[in-house]
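To start, the structure itself, in C-alpha cells.
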C-alpha cells in the first residue's frame, strides 16, 4: 500500500509587522492570498489529508479556508491554535486533526511563503522517502548570505549530517555566522512526530515550543535526519511586512511573465506588465506596456492587449484588440476591437468582430456580432443585435430614479448621433433614428424615428436678453439677419419659452 501524505499548513500567526486589520496570510500577491498560494501548492502533492492551523482572527482565516475548499475541490480541515505557543504547539494542533491511526508522511509548511510550489514539496517528500529506511525528519534548507531571522543549520563535523537547528535568539556567535538556514518546511514520519512533540519544552529565549527542536530529539534517539537543500531561495522567502510582500509580489510577477513568454506570448515590456497567476493566455498573444491582466482573465490566440489596459476577470477572444481599456467581468468576442479609453463594467458581452470605441462605457450590455458603438456613448442594461451601429454621444437611459429597465435594439439598426434610449424601449430590426432623437416609445422594424419639432430661430434674442456681453457685441457687429417670418404670436411664444 502506498505511503500516504498529510499536509499541515501553519496560518495562525498575527503578523503584527504588517500593521494591518487584515490577517497576514490574507494579504494578496499575484491575484491570490498568501494562504491560497500555500494551499494550492499543498494540493499539488495530492495529500490524503490537508489541514490548516488557524489562530489569530480564526473566523476570518477559517472562512477563507472554506472558500478555498470549493476552489481546490478537496476537503480542508481547520485546526485551531487557541494560544500562540510556538511552532511546535501549532503543529501539535494540526496533528491532532489527523486520524489517530495515520501512519504516513506529515508535510509541514507555512502560509506566508507564497512562492513555494508543489514541485518543491514533491521533491521534499521524495527526498524524505529516498532511503531504504525513511527519515524521521527531512528539513528543507537554503543558503542565505544574510541569514538574520532564520534558524541556523548546525551540522556534525565528522559526517556533515544535521545535528540540530538553532533559532537565532539562542545561537552562539559561531552558530550565528552559519549561512545555511532552515526554510521552515519539513517532512516527518507521523509516528515519530507524535512522540517527539510530546518531548518539547519551552526552555529557550522565546519561552515557546520550537518545532525545530524535533531535529535534536531525532538525532538523540538515533533516528535518521535528512536535509533537502534548495538552490532557489526565493521560493521559501517569507513576507512579514509590506516591504517584503511587495518584493515577493514583484518576484512572483517576474516569474509569471517569463513563463508566459517562454510559452509563446510576446510581452513588449515585462517591467510594466502584471499578470496574475490565475490568468490564461493563448499562443502569439501580444501584450504592450502598462498592462495588468488580473483575476481569471483569459486571452485567446493572436489577441493584442494594450498599451495601458487593465482587465479583471475578462474573457478576450482570438484575434481581438483591446487598447487603453479598463474592463471587469466582461466578454470580448473573437476579432473584436475595444478602445481607446473604453470602460467595460460587469456584465458586458461584445460579440465577434464587434467594436467599442473611444470613451464608451458599458454595463450589463449584450452587444451582438459585428455591431459597433464607436464613441462617446453609455450602454447600460441593453441588448443590441448583430450588425447594428450606435451613433456618437448616445445614451441608454436605464434608470428612472427608482428602478433600472432594459433597452432592446435589433439587428442592422442605425441610430443617429445623440440618440437617447429611454428604457424600457425596443427598436426593431433595420430601424433608423435621426440625430438628437429621444426614444420614449418602441420603434417598429424598418421605421425612421425622429423626435422634436421644426427648428425655429428668434432673431435678436441675444442682443435683447444678454446686452453688453461679447456674444451680443459679436452679433451686432455681424449686422441684421432675419429668419423666416413668424407670426407675432409665435415669436412671443418662443421668446417666452426660451426666457423661462
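Cβ atoms are placed via backbone N, Cα and C, with glycine included.
In the three-state DSSP scheme, residue 375 (active site, proton acceptor) is classed as strand. Sequence-distant neighbours of residue 375 (active site, proton acceptor) (same chain, six or more apart, CB under 8 Å from its CB) are 357, 358, 359, 360, 392, 393, listed in sequence order. Among the features that Swiss-Prot reports, active site, proton acceptor is placed at 375.
The UDP-N-acetyl-alpha-D-glucosamine binding site feature in Swiss-Prot is assigned to 10-13, 24, 81, 86-87, 151, 167, 182, 240, 345, 363, 378, 389. In sequence order, 53, 87, 90, 91, 94, 108, 109, 110, 111 are the residues near residue 10 (UDP-N-acetyl-alpha-D-glucosamine binding site), counting only same-chain partners six or more apart with C-beta under 8 A.
Residues or ranges marked as acetyl-CoA binding site by Swiss-Prot: 392, 398, 399, 417, 435. In sequence order, 391, 392, 393, 394, 435, 436 are the residues of the chain that are 6 or more apart from residue 417 (acetyl-CoA binding site) and have a CB within less than 8 Å of its CB.
Residues or ranges marked as region 'Linker' by Swiss-Prot on the basis of sequence analysis: 243-263. Looking just at the region 'Linker' (243-263), the mean pLDDT is 98.
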Site extent for acetyl-CoA, whole Å (max Cα pair distance, 392, 398, 399, 417, 435): 22
Inter-residue Cα distance where the pair is residue 398 (acetyl-CoA binding site) and residue 86 (UDP-N-acetyl-alpha-D-glucosamine binding site), in Å: 58
Count of other CB atoms lying within 10 Å of the CB belonging to residue 151 (UDP-N-acetyl-alpha-D-glucosamine binding site): 27
DSSP three-state assignment for residue 10 (UDP-N-acetyl-alpha-D-glucosamine binding site): strand
Neighbour count (Cβ, 10 Å) for residue 86 (UDP-N-acetyl-alpha-D-glucosamine binding site): 21
Other CB atoms within 10 A, centred on residue 345 (UDP-N-acetyl-alpha-D-glucosamine binding site): 17
